[in-house]
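A.B. asks: Below is the structure I would like to discuss, written out as structure tokens.
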Amino acid sequence: MAVVAVALVLLAAVLVVDIMIGDFPLTAAQVIDTLLGGGTRRDQFVVTELRLPRALTGLLVGGALGLSGAIFQAIVRNPLASPDILGVTWGAGVGAVSVITFAGSLGVVTGGAASIGLPLAGLAGGLTAGLLVYALAWRQGIEGFRMVLIGIGITAVAGNFTQYLLTVGDVQDAGRAMVWITGSLNGRGWEHVVPVALALVVLVPVALIGGHVLGALQFGDETSRGLGVRVNVARSFLIIVAIVLASVATAAAGPIAFVALATPQIALRLAGTAQPPLFGSVVVGGVLVMLSDLVARTIYRIELPVGVVTAVLGAPYLMYLLVRSRREARV
Amino acid sequence: MSVRLEASSLCVGYGERLVVDTLDLSVVGGTVTAVIGPNGCGKSTLLRALGRLLPARSGAVLLDGKQIDRMPTREVARVLGLLPQAPSAPEGLTVADLVARGRHPHQSWYRQWSSDDEAAVDAALAMTGISDLAERTVDELSGGQRQRAWISMALAQGTDLLLLDEPTTYLDLAHQIDVLDLVQELHSSMGRTVVMVLHDLNLAARYADNIVAMRDGRIVAQGAPGDVLTEAMLLDVFGLDARVVEDPVSGTPLVVPVGSRHRS
């Protein structure tokens with residue numbers, strides 16, 4: 001309980017800091033005052049229309065990605081397992097980029113259509129790729145290593161298809177698509193917050209409840225079944241929850257690289273446990289994306305996509321993981 | 001005593017191959033049963049089927065008179081615990097965490113950890129004498145300590161029935177005796193019912209009340225060690241020419257193989 005309280009205070013603090021910083025700097029007192037309904041009209045506008053929805057989108061997307069990665073890594077028992085590598089995020093990329101390029105050249109993606117069609121297409125693409133990997137990896141049960149290999153294959157196919165779409169689309173659409181597939185929180189408003197928030201309200205409790213079997217699922221199948229776990233049912237259920245979480249998050253902000261990969265391992269080291277903590281990964285993921293976005297929008301004179309920052313941080317980490325897992329071939 | 005676990009005309013196989021062939025077995029409560037037999041005779045397969053890890057091709061396994069594959073798996077897990085051969089734990093898991101996971105069948109999503117669980121884990125660690133290793137990780141333990149940790153997990157599960165698949169594999173003789181003494185203690189002081197697959201016939205003779213000898217998926221002989229472990233049985237089941245003498249310590253049968261070097 002104390003840990004949960006500390007985590008929530010930390011989240012709130014990072015949220016306030018994130019809202020304070022920008023072209024119109026605010027003090028912590030001003031931010032809190034405004035959030036509670038006070039403040040000038042300018043403060044109200046900056047906080048509730050510009051910065052709060054963007055920060056919340058970052059928080060929720062990061063939380064969803066962190067939780068998704070934690071579930072994948074606990075089940076597959078491999079720190080390389082994450083929706084980035086298992087094809088989910090690139091599947092979402094295909095969906096979204098298809099809408100941007102095809103619908104764009106037909107001249108129908110404007111305003112409302114874009115803001116609804118894009119996330120929906122991303123969601124559909126992510127779900128399709130995730131479920132495809134899952135179905136192809138199924139052979140009287142799901143085995144982690146097979147799932148990682150098939151995921152890498154699907155990721156390659158989806159990545160190349162996305163590149164193809166970028167080539168055939170016109171330059172302006174391709175430009176917008178590039179920003180989307182980098183993962184960005186630019187211009188995120190309440191319409192982006194709501195779907196992710198709804199998904200998290202349902203899925204976080206489902207994951208935490210379903211997650212009580214994760215501890216008993218960490219052994220070989222025989223041991224787990226001996227402990228009374230219905231291994232295939234439990235594993236399938238949790239994997240599908242993780243696929244949906246990653247797809248919803250990607251639909252809202254694009255595939256923000258490496259968050260789902262690194263978050264569970266950071267949370268695991270902070271918590272000192274043998275498996276990634278689920279709630280801890282929600283918190284760490286949220287903090288990670290908010291802080292990365294803070295860096296992305298303030299480090300340079302134009303706002304960079306948050307995915308640039310997470311990629312710069314995440315790429316060396318992935319290399320470290322690969323080098324380490326080559327040295328000790330066990331997972 | 002009543003029959004706790006029963007196989008009735010049980011057939012089990014992988015693919016085309018039938019590994020356990022129309023086998024009948026009754027395990028009486030409060031006894032230690034050792035299953036012996038040559039490699040590939042189906043003893044591990046029988047143990048897995050008794051623990052509902054493998055489905056019956058035909059026939060049935062009955063747990064306290066009820067068909068085991070029709071019972072909820074969690075309910076079975078509160079009565080019957082099993083330890084597979086060479087089980088694997090995730091890297092970095094501590095002994096205390098490993099043993100705690102034995103409590104899984106007693107927990108649910110709304111009641112994930114209770115004082116009962118705490119007490120069961122402490123008792124299991126104390127019973128196997130590894131309380132001082134609780135905070136170590138499983139991968140840094142020696143073979144004997146690791147086996148004790150796994151047995152602790154099975155104990156924490158709090159089941160009357162324990163199925164152990166070669167619990168002494170990879171252990172030196174001293175640690176084998178250690179583990180079997182522990183099994184003996186579970187049986188004598190806590191009244192647990194144990195079924196284990198053992199390779200060492202002399203240890204089986206010393207620690208089991210009941211020996212089941214298998215060949216080609218069938219039971220060839222079963223009963224008290226003195227009745228089962230005979231020179232004729234060894235020749236028949238293992239194709240082994242051996243003398244059987246009295247164990248000077250326990251008075252149970254002691255198998256002394258002849259081998260070509262000493263054959264007259």
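Even glycines carry a Cβ here, placed using N, Cα and C.
Keep in mind that what you see is a predicted model, and the values were worked out from it rather than measured.
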A.B. asks: Please identify the range among A:148-166, A:167-185 that TrEMBL labels transmembrane segment.
C.D. replies: A:148-166
A.B. asks: Among A:27-51, A:52-76, find the range that TrEMBL records as transmembrane segment.
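C.D. replies: Here TrEMBL associates transmembrane segment with the stretch A:52-76.
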A.B. asks: Can you tell me which parts of the same chain pack against the transmembrane segment (A:193-217), counting only residues 6+ beyond its ends and a CB-CB cutoff under 8 A?
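C.D. replies: Residues 53, 56-57, 60-61, 63-64, 67, 71, 74-75, 119, 224, 227-229, 231, 234-235, 237-238, 241-242, 244-245, 248-249, 251-252, 275, 278-279, 282.
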